[in-house]
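Working notes, beginning with the structure itself.
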């Protein structure tokens, strides 16, 4: 049997091509098509003349679509000649940007940096005929793009510094001269993250010119012309109040964001002359040497740390509350030629917006950092940009809603034509005919539709806030209703943040000794020293701060951290240890030491190489008084073992590690070596020269227990058929144990490891699937293989579901060498271990490419990229709002996940219900008016007011208040408006409404007391009349009936009766309609312009007709819900799913031998797996 699964995958989107040369970035957001346009004088003059002649109407069009103004006034040209550029991003949105031209001094052309080609700097400017030096640039989403003639395109100004090497950064520690700084500032602009805050007048113009409010203005004028004075005035007042609230909220949000983004402070920099100068942070440019004060500072830029150590709180960017240690950027022969990247060297980079809690100097009492990025190019600027200019939410519901509004517009056009024919037959005057015809347009397209659709989202957002969950992107709430797959980080998310030290396993004679449960009883040895000093903990006002794991490790040894407090103390320690030390670890007092141990010698920490998740380790240089310089290493066991001498690693290393990790322990390895061959200053020693040829010391074993809420939540999600994926940086066996303990892998489900190896020695990359050692029935993989079960039709795999588990290395190989097999692994992969932060992000994006709606939950830090990439990212943080993700939860466990999904489903189904209700409200009124037009009459002024304000507005505001169901059901709500159930429901309900109204009309006409409308009398003089009164009463009930029928509860929302306020309002409105129908007061008849009817039997008949409508409408909706329209799907035929992951799941079910256990698959170009 052979198949090609590549046909099941979504097609690759074509990359936009430009005719004129433009900078292309890797990010989809920055993949832009740029086209240049140059002004044409005669076109500009003609456009101005036409605008004057048409009373400025083109200006409204230009306000909505600025690129149309460019098309009319300009001609296409090369970018180097352009006055404007039109940018089209990867989502198809277009932006019109002015090109700015500035004259600058000749001195600004010379690049003030060191060892950079002057031509690259000169490439940013042009020399015109008059020999004027001109800079051409435009600003887009806060970033400046400059013209580079030699490269033939506009590039981010940050491109000038992207190729800095680490050596270049270090050479800038001398600082810039005043002239150099001023020159660079003209190119880079101010160091400012500027959030535009428009004035109230400007906001008013934008709001009034919004198509919605223009339609409102048009409608109000039309109603005034048709003598609906009261109705028009009321709508005008409501619109003014609505605009006022909108302007206030918009400006308030802009000011809040501006205050969060704005950061201006005075900083001290070093000039090229060696002098210090205090300048405004607005004047900082890349290349400035910043002096970090010892008491700390709120960073106004991104800067590479060159000397000293900084303890930094990065919670604003990552949501991670634990402070992070920053150490100097390495400098040496090997490191100096590497390209500097703030992301790759993040442990040596101080990021804008983060708070330096304290800084400690080593040389000349200075903590120096070189500015590398400013303004929107900083990490904070990037996050603020993502808030100001979020990527469009590609959600089918929003796309379909626009199509449906267009459909209503077409319906309005048909009704307009019909009304014009009917009214012309009744010999209506032409001005009245036009007014009535246009009036239908204002009825069929409800102006309150956009506001009504957001009501459910607003209610959900407020309910989430009460539960400690904050959302900075409300449209994402509806997206949560469609989540099919949820990714979880492990440590701090599924398990407790803090780790308990279980013990340490020393190495003795090339073998592991017994586990020592109390590290404090260890004798003076390299193993104890490694636990004592291999950390990044610092003191802040006599309190230890740092990584929780490091704090627990130090606590378990009983040693005490001290730091020098003054120059005298520093000199004393330098004399004691023979070199400068950052801090000193001192043994506990003799009386506090374990019996039989006597620890007296302190250990000085000389230099730290902080932990990096990419390389899975950290190391330090330390020294004892009179002893040699020593290096200590701590990290993942596999990584540490690979950096140790082979003969120092115990032979049973793998078995021992498996034993601990399989039992769910988190394991770190420790190693050391003596640095006897160091001939340079220890501060200049490179990490690469330290972390090799180490001696393996032992294992540090920690217990990482599940949070009590984890297992119940995982069970809830699995019961709701939401796929669960674990993405962690921990060991794969530890991850498997946690997955089994929390129920992610249930009893009876197997685990298959995916092992992919990169190509070596001209051999291709390979892929292998290995069954986990412990099968469901207690058989190990060897026994299963010998039985040949997988080779005989894979009956073993037929015994039940299985999960694929792989690590970051295998994932990287799959992404590079097995692209067509990767989707098949992703649809069955549940455990992804040893994943680097960028791999987590890549995994989320790969899952989205398979059409999964992906959620991600993590505790910040290493999860930031994945949280931002996910359709719904949830950061577990104490912050009220984190810019790292759409959702921030103060609940420090995953209980917030089902809560957000339930609210998402509730909000989505509410949006559907409100949309259908507003459509039905328009159609009910539309049909009533069309029937009344046929007899040359209409609804009265106060009748419209009663229907639109008292009935519809009350229902639209309160209908969405119903809360979410308490349980997550396996079904997901419908995501598309253009579907058979939704359109079928609206169509059938519309026919039912029409039938009831026509029946009401003919029943009224058949009564003995009926008097038809006077044909010679024109509206509104022919009010009141019997036809109008009967239709008004019946339609009044119909608005309430459809509100009840469309207030769907089960299984996504609570029942209607739980929405007490909505229920009370419905009862009041029903009572009001019964009063108006049966026993109307005289003043009510006068106000509503209703005809008094004395026949009680007729009135009861109208109520009976409405009761019949309610029964039929309710039964119809129930029948549709239970699949009455499924026959239409069968008639349409069995269509293949549009979701790539569903097609893959179906394909894999038809492959009895997938995955091919124990078979080696080699990577080949265009590989297709053939399984027999």
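Every residue, even glycine, has its Cβ placed from backbone N, Cα and C.
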Checklist entry - According to TrEMBL, which of these ranges is transmembrane segment: 942-959, 960-977, 1122-1139? => result 942-959
Item to check | Among ranges 177-199, 200-222, 269-291, whichever one TrEMBL labels transmembrane segment | outcome: 200-222
Next on the checklist: Between the candidate ranges 368-390, 437-459, 460-482, 483-505, where does TrEMBL place the transmembrane segment annotation?
Outcome noted: 437-459
Item to check | Listed range which TrEMBL flags as transmembrane segment, given the options 316-337, 338-359, 404-425 | outcome: 404-425
Next on the checklist: Can the transmembrane segment (980-1004) be said to touch the transmembrane segment (1098-1120) if we require at least 3 CB pairs below 8 Å and skip pairs under 6 apart in sequence?
Outcome noted: yes
Checklist entry - With the transmembrane segment (1098-1120) as the reference, which stretch in 40-62, 914-936, 1029-1047, 1059-1078 has the largest tally of C-beta pairs below 8 Å? => result 1029-1047
Next on the checklist: Can you work out which residues elsewhere in the same chain, 6+ from the ends of the transmembrane segment (1059-1078), have a Cβ less than 8 Å from its Cβ atoms?
Outcome noted: 950-951, 954-955, 958-959, 961-963, 1033, 1036-1037, 1040, 1043-1044, 1047, 1084, 1088, 1090, 1096, 1099-1100, 1102-1103
Next on the checklist: Just to be sure I understand, if DSSP states are collapsed into helix, strand and coil, how many residues of the domain 'Cation-transporting P-type ATPase N-terminal' (172-223) fall in each?
Outcome noted: 36 helix, 1 strand, 15 coil
